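Heads up: the structure comes next, in structure tokens.
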Amino acid sequence: MAGWPGAGPLCVLGGAALGVCLAGVAGQLVEPSTAPPKPKPPPLTKETVVFWDMRLWHVVGIFSLFVLSIIITLCCVFNCRVPRTRKEIEARYLQRKAAKMYTDKLETVPPLNELTEVPGEDKKKKKKKKKDSVDTVAIKVEEDEKNEAKKKKGEK
């Protein structure tokens, strides 16, 4: 070593690096243990205690009763009922049919302002409305009679 200057500190650094690597590798090695293997957990049965000293079937029963009570409450609130007899089915059908006919009739009724006269409304506006609307046969006959009466008065 006398021939290589500075070899002493280099050997020390190399030895330290080798020691760190060996320590890392040694930490990854698995040492066999002499302890017996861990016992398997008992199988899950209906008598298994889940929590609060309640068995599994207790928990399932309480949960299903809770879900059933929610379903019954919602059906009562929204009036969901299955008809049981033929009469009830036919009555429900007729009721829906009558409701549909009623709504169809309501759609054909014109708005209230078209059915009644508004006080203070100009007669010119009324005439414009008549021109904009579709004339019926009765309106045309009345207009023809008025025109004929004017012509007869004009001739006399």
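Here the Cβ of each residue, glycine as well, is placed from N, Cα and C on the backbone.
Look at Swiss-Prot and you will find 113-135 tagged as region 'Disordered'.
For 1-27, the entry in Swiss-Prot reads signal peptide.
Within the same chain, no residue sitting at least 6 positions outside the topological domain 'Extracellular' (28-57) brings its C-beta atom closer than 8 Å to a C-beta of that stretch. Feature annotation from Swiss-Prot assigns topological domain 'Extracellular' to 28-57.
Among the features that Swiss-Prot reports, topological domain 'Cytoplasmic' is placed at 79-156.
Distant neighbours of the transmembrane segment (58-78): 50-51; these residues of the same chain sit at least 6 beyond its ends, with a Cβ under 8 Å from one of its Cβ atoms. Taken from Swiss-Prot, the feature transmembrane segment applies to 58-78, supported by sequence analysis.
The DSSP breakdown of the topological domain 'Extracellular' (28-57), given as helix, strand and coil counts, is 3 helix, 5 strand, 22 coil.
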